[in-house]
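*Asks:* Please see the structure below; I have some questions.
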Amino acid sequence: MATKLIKHGSKAREQMLEGIDILADAVKVTLGPKGRNVLIEQSFGSPKITKDGVTVAKSIELKDKIRNAGAQLLKSAATKAAEVAGDGTTTATVLARALAREGNKLVAAGYNPMDLKRGMDLAVNAVVEEIKKSSKKINSQEEIAQVGTISSNGDKEIGEKIAKAMEEVGKEGVITVEEAKNFSFDVEVVKGMMFDRGYLSPYFVTNSEKMVAELENPFILLFEKKLSNLQPMLPILEAVVQSQRPLLIIAEDVEGEALATLVVNRLRGGLKVAAVKAPGFGDRRKAMMEDIAILTKGELITEDLGMKLENVSIKSLGTAKRVTISKENTVIVDGNGDKKNIEDRVLQIKSQIAETTSDYDKEKLQERLAKLSGGVAVLKVGGATEVEVKERKDRVEDALAATRAAVEEGVVAGGGVTLLHASQPLTKLKVENKDQQAGIEIVIEALKDPLKQIVENAGENGGVVVGKLLEHKDKNYGFNAQDMQYVDMIKAGIIDPAKVVRTALQDAASVASLIITTETLIVDEPSDKAEPMPMRGGMGGMGGMDF
């Protein structure tokens, strides 16, 4: 077991705060419309350029164990904010540093850390209530675009594309972000149900230019088991041929003789057919096939119910307006399912989401819900270089998460203004002693820091701007760091999701409270062994040589 290094009191906290300062100084430069990029060296490939606070925070690991403990605590505030609200990571970092620094000064001056924490908690809860009261629900596409624009560092195109995607698939719909293979940035909307299984043979392709199989008005056969022999299916295949309509087979797998027979019939033109594997695994596969059955008004042929392929009639097959199958995906458009049955299935999945305690199960259920209740929108992000595409993709993902948060809990005035004005009612809070009052004062001062940092990143004096705004009674009155003007932030479209602002403050206060109430720190003692030489940027596995 490694020997331990033990530090006590203010010395331990001071060293932790040094680590917090190192991380916060790297992250804070990204805040606001005029925040800067950070370049991060990576073990392999080209460096990463980002303006995403949590990406910067996650990349930092300090050599000194005690300083690193502080940095890791601060990193946890940024990470938690990103997980819960999807944005606000830099704000959380700036707030946590300010709260921890001021709190430590007072602990060193003899204040009771537990009472300081109680005072801070009182203040934070009051600010959270103030944020909730001042939040405004967003409904219009324009407001959604504004949130996306601000969260993506003022990129209007990103805001507009996210708003368009949400309009197409609904606020609850599935929106994914992918790298495009060209320079453009597009929204591709897939109407209907899409799942990640492609055709089992390229011979099923009907459009050789796009390499997709397109089936118009097809029948859909859903079979729970593997298909290795078509003999039991002959009656149903003959009925489909007579109807002169295409057939899509979705089964656990189609293999051997069965697949070969389908391919031969497809090539001879006797049967327009395509086969794909069923999506998902195990019980989830069965549930997804039942979803498809309801969506297409078909039946899942399952031996659990005593159903056999040879007894299946054409009435048991589902139907849809169109099915498009690529090498990797299948899209069922306009299934002919009964609307009432689909709504009942949606309600059933929603109740399962409410009951489950597993995050993984919840995510998979939400995917099923989205597939049934809406379409799928794909934001395809392009650019001139790989570095540019990755940087922009990061911003798109941030903006998408922030927009979802805005739809959920509404928006407040942006640019740090809401936190600044929310500090004013805190002076009226009732406390039990002067130490708790000092805890409230810590929060009041810290709430000025995000706005100060935004202004300073824009090249102006943060203290002067804060003073001017506090003189103004209008809570929406703020400083537009992009145009360097004082404006009504809501009217100017400078808005933040209430959930992002709230989460940033709560996570920051949680971490700061841990730091000021820490009295002893135990870390592994540094090893005397010489560390191996680190690889320099270059070819991985080639001794770090640069050519």
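Our numbering is plain: 1 for the first residue shown, then up by one each step along the chain.
Each Cβ is built from the backbone N, Cα and C atoms, and glycine gets one as well.
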*Asks:* Of the residues Lys48, Lys51, Lys430, only one is listed by Swiss-Prot in the ATP site with Thr30, Leu31, Gly32, Pro33, Asp87, Gly88, Thr89, Thr90, Thr91, Gly415, Asp496. Which is it?
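*Replies:* Within the candidate list, Swiss-Prot flags Lys51.
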*Asks:* According to Swiss-Prot, region 'Disordered' applies to one of these ranges: 2-22, 317-337, 527-547. Which one is it?
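*Replies:* Result: 527-547 is the stretch Swiss-Prot calls region 'Disordered'.
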*Asks:* Which one is it: of the binding-site residues Thr30, Thr90, which Cβ has the fewest other Cβ atoms within 10 Å in this structure?
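*Replies:* It is Thr30 that, of the binding-site residues Thr30, Thr90, has the fewest other Cβ atoms within 10 Å.
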*Asks:* I need the most crowded of these binding-site residues: Gly32, Gly88, Gly415. Count other C-beta atoms within 10 angstroms of each C-beta and give me the top one.
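*Replies:* Compared across Gly32, Gly88, Gly415, the most Cβ atoms within 10 Å surround Gly88.
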*Asks:* Long-range same-chain neighbours of Lys51 (ATP binding site), Cβ under 8 Å, sequence gap at least 6?
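*Replies:* The list for Lys51 (ATP binding site) reads Thr30, Gly35, Arg36, Asn37, Val38, Asn153, Glu391, Asp394, Arg395, given in order along the sequence.
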*Asks:* In Å, how long is the longest CA to CA span across Thr30, Leu31, Gly32, Pro33, Lys51, Asp87, Gly88, Thr89, Thr90, Thr91, Gly415, Asp496, which the record gives as the ATP binders?
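*Replies:* Taking every pair among Thr30, Leu31, Gly32, Pro33, Lys51, Asp87, Gly88, Thr89, Thr90, Thr91, Gly415, Asp496, the longest Cα gap is 17 Å.
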